[in-house]
Amino acid sequence: MSRATLLVLADGRFPAGGHAHSGGAEAAVAAGRVTGAADLAEFCRGRLHTSGLVAAALAAAAALGTDPLQLDEAADARTPSAALRTAARKLGRQMMRAARATWPSAELDALASARPRGAHQPVVLGLAARSAGLGPEDAAYVAAYESVSGPATAVVRLLSLDPFDATAVLARLAPDLDRVAADAAECARRVPEEGVDALPASSAPLLDIGAEAHAAWAVRLFAS
Amino acid sequence: MHLDHSHASDGPAALSADAVRPDGRRRALRIGLGGPVGSGKTATVAALCRALRDELSLAVVTNDIYTREDAAFLLREAVLPPERIMAVETGACPHTAIRDDISANLEAVEDLETVFAHEGVGPLDLVLVESGGDNLTATFSRGLVDAQLFVIDVAGGDDIPRKGGPGVTTADLLVVNKTDLAPYVGSDLQRMARDAKEQRAELPVVFQSLRSPAGVSEVAAWVRERHAAWTAA
């Protein structure tokens, strides 16, 4: 694997639509659950170990070559909020466009044809990593990191939080990120024998509820 | 299964601003409208829709910063039927959505093209992409639009053309809007025209007041020319 390729895929400026989403942070800020750097750290830790872990495992499984359509169904089953399923498919479609432009492959084309409205983002991300020559750990790292970097960036905009504090929050999460990425890749390796049920299904009900409420707002800064 | 899981009959979607759609037909001309907050982008889009809707099949993509006001305005004014207007959310960064990460806008444009290509009314001729109100550096990516116009207004300060910036200097058409307000805000239109000429060399500039009888006609004529050139290419 090329370490530099991993940097390209993990770059927050990779043009795959993430900038318009807050990962639930906008709803949490409005509800008064995130008011500063300390809350942001807890919010990110919670998201990382729930939906972040699920996303990382799906991405790792896709990077290993698991049937993406089967993983897409597994992602649906693990995403109870309709608003979050919509957001995940929207972002998956945007990730697909960027991935096909940067690391074209027959596998990406096949998934794009099968899911023209978008597959779940972590599945597309994992397949993009595979097309880029990256492995399951790499894909898991990118998905896990995205699950916290998105909310951190959004909270900087929403609360005018000091960007140095927000970045420090992400840096302190590094050991957690290592663990989540390793766990995710290990689960993904069990899929060939045990099927997609080997993938984690942890959830964060408050994120789901917040996402449903947020989707109904008339005025909002972020798409999700 | 989801209704949207239908299989595409014509292979995976386009990647960027490819001139030909996956079904082999030449796609609609895409024109971007950018400019600062309050300069009259939405009013210009509405006027263009009224001027062109009988001769061209057109649609609009709006990029509101945190509301759906621009799309709602166009709907309320009934300049186009609702199925021809689509809103994109930009996450507090309108310039990102038209320049650095154009994927959401490309998808909105392609979705509109696809819907009309598959319905009885026939394919779209023109898609207007209106950016969220932004600053003087915001320009559209060439991966998203074929041509762009930048809308400023006389009340925003008559020194804007002199200050330049990518929008003023590089847009395919610079529109100086609300000329009827010039006497009330002390803006010197001749100075603006001189400065714009200096910044833009041969690129065209239109001075307009949507309240005058001529209204949007000069800009509409420019769009017509662009469309004729696009279809002839």
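Counting begins at 1 with the first residue displayed.
Just so it is clear, glycine is given a Cβ too, placed from its N, Cα and C backbone atoms.
Heads up, TrEMBL stuff is auto-annotated, nobody curated it.
As written in TrEMBL, here are the features:
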DOMAIN    B:31-206  domain 'CobW/HypB/UreG nucleotide-binding'
BINDING   B:GLY35, B:PRO36, B:VAL37, B:GLY38, B:SER39, B:GLY40, B:LYS41, B:THR42  GTP binding site
- Residues with Cβ closer than 8 Å to the Cβ of B:GLY38 (GTP binding site), same chain and 6+ apart in sequence? B:GLY133, B:ASP153, B:GLY156
- Cβ-Cβ neighbours of B:SER39 (GTP binding site) (radius 10 Å): 24
- Among B:GLY35, B:PRO36, B:GLY40 [binding-site residues], residue with fewest other Cβ within 10 Å: B:PRO36
- Note on the structure: Comparing local Cβ density (other Cβ atoms within 10 Å) for the binding-site residues B:VAL37, B:LYS41, B:THR42 points to B:LYS41
- Message: Could you tell me the mean pLDDT the prediction assigns to the domain 'CobW/HypB/UreG nucleotide-binding' (B:31-206)?
- Response: 92
- List the other residues in this chain whose Cβ sits within 8 Å of the Cβ centroid of the GTP site residues B:GLY35, B:PRO36, B:VAL37, B:GLY38, B:SER39, B:GLY40, B:LYS41, B:THR42, in sequence order. B:GLY133, B:VAL151, B:ILE152, B:ASP153, B:ASN177
